[in-house]
Amino acid sequence: MFENSQETKTNLSELGEFGLIDHLTKNFAPKLTSTKKAIGDDAAILDFEDNQCIVTTDLLVEGVHFDLAYMPLKHLGYKAVMVNASDVYAMNGKATQITVSIAVSNRFPVEALEELYSGIELAANIYNIDVIGGDTTSSTSGLVISITALGIAKSEDVVYRSGAKPNDFLVVSGDLGAAYMGLQVLEREKQVFKANPNAQPDLDQYTYLIERQLKPEARKDIPPLLKELDVKPTSMIDISDGLSSEVIHLCKNSKTGVNLFEEKIPLDPAVISVCEEFKIDSTTIALSGGEDYELLFTISQEDYDKIKGNPNLTIIGHMTEENEGMHLITRANTKIPLIARGWNSMEKEEEED
Ligand code: ADP
Ligand code: MG
């Protein structure tokens, strides 16, 4: 969705590649002392002193990962930064710099890219991240955005997916399922709009869900919170594909099993009511919905008292010996095998490893 579509439309060719890069990146003055050289040379130069450097990259393709019919470009820019920052936080690190590469067709005017970059700029400012470079090229069809994020952590603080032990508690930040249900609401509105372009949607009751879909916030606060609580997770991952898929990643990488308790899964009341409205099981949504960008981690039992009662964190299960398997314990107290079945890839029986 290109918001100021009524106003001027400047063709990309009017600026040329270098003019466009200068125009889009003019606000990206570095904020961090670790950024020695940002945009404007053949490469950026960073100095992390005695920290470990974390690197992660994500590619977003129009029609595959986003639909511009209901995704405003500013939100898309914001979300593209969040998706990457979330991966840095999942290593228990601090996100510091990003590079942004775009492939764009001339169906996009300069103003559309300005909106995309205003979202990137907003996220970079709020999350204290420097934009240090990128690449710009043309595309014959849609829009492609690739962001690479860099981050830092002390070597003793880095948390991998592989360190969970039997009896560790399984903990999740925030609540789950809202982003997926936000997408369902938006998809429904898109169909309504197609049938009747004059329909005035009343989306007030869905605000939280739509925000979680269009403007997710990565959990920048969790690594410092854990430090403050003096808890080092034994394993950690961010929730991009749905809780069950991420739990399975922790188990496989750590060679453990898990008991995940359905009744403990944190759900916002808005998710519960919209699931009733759509006649979908809210547990299924939390397990398979995805795009929550919460952090999922394990802690040793000794750390229980340190996180108990923290409003940001919920204990949802515990790890077991590998040979006990991976299970969901339902509200009815039956034990069913946990399978990864992302809603976006329902055709796949079980996620390949
Ligand atoms: P090169 O020819 O070496 O690839 P470019 O002309 O593509 O150089 O880029 C010039 C500078 O602008 C570099 O610092 C590059 O990282 C930065 N840059 C290019 N495209 C973008 C973009 N879309 N967003 C942010 N920075 C960019
Ligand atoms: Mg280039």
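Note: Cβ is positioned from N, Cα and C throughout, glycine not excepted.
All TrEMBL annotations are machine predictions without curation.
Keep in mind the model is a prediction, meaning the values are calculated, not measured.
Features reported for this protein in TrEMBL:
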BINDING   Asp42, Thr56, Asp87  Mg(2+) 4 binding site
BINDING   Asp42, Asp87, Asp238  Mg(2+) 3 binding site
BINDING   Thr57, Asp58, Asp135  Mg(2+) 1 binding site
BINDING   Asp58, Asp87  Mg(2+) 2 binding site
BINDING   His65, Glu291, Trp343  substrate binding site
BINDING   Tyr117, Gly134, Asp135, Arg161, Ser240  ATP binding site
BINDING   Asp241  Mg(2+) 5 binding site
DOMAIN    40-153  domain 'PurM-like N-terminal'
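Locations of recorded TrEMBL features on the structure.
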{"residue": "Thr56", "record": "Mg(2+) 4 binding site", "DSSP class": "strand"}
{"residue": "His65", "record": "substrate binding site", "DSSP class": "coil"}
{"residue": "Asp87", "record": "Mg(2+) 4 binding site", "DSSP class": "helix"}
{"residue": "Tyr117", "record": "ATP binding site", "DSSP class": "helix"}
{"residue": "Gly134", "record": "ATP binding site", "DSSP class": "strand"}
{"residue": "Asp238", "record": "Mg(2+) 3 binding site", "DSSP class": "strand"}
{"residue": "Glu291", "record": "substrate binding site", "DSSP class": "coil"}
Residues close to Mg(2+) 1 site centre defined by Thr57, Asp58, Asp135, Cβ within 8 Å:
Leu59, Asn84, Thr99, Val100, Ser101, Ile145, Ser146, Ile147, Thr148
Please name which of the binding-site residues listed here, Thr57, Tyr117, Asp135, Asp238, is nearest in space to Asp87 (Mg(2+) 4 binding site), Cα against Cα.
Asp238
For ligand 1, pick out the binding-site residues Asp87, Tyr117, Arg161 that have a CB under 6 angstroms away from one of its atoms.
none
Filter the binding-site residues Asp58, Asp87, Gly134, Asp135, Arg161, Asp241 down to those with CB closer than 6 A to an atom of ligand 2; keep them in sequence order.
Asp135
Among the binding-site residues Asp87, Asp135, Asp238, Glu291, which residue has its Cβ surrounded by the fewest other Cβ atoms within 10 Å?
Asp135
Among Asp58, Asp241, the binding-site residues in question, whose Cβ has the most other Cβ atoms within 10 Å in this structure?
Asp241
For His65 (substrate binding site), which of the binding-site residues Asp42, Thr57, Gly134, Asp238, Ser240 has the nearest Cα in space?
Ser240
Just the number: how many Å between the Cα atoms of Asp135 (Mg(2+) 1 binding site) and Asp42 (Mg(2+) 4 binding site)?
11
From the binding-site residues Asp42, Thr56, Glu291, pick the residue whose C-alpha lies nearest to the C-alpha of Ser240 (ATP binding site).
Glu291
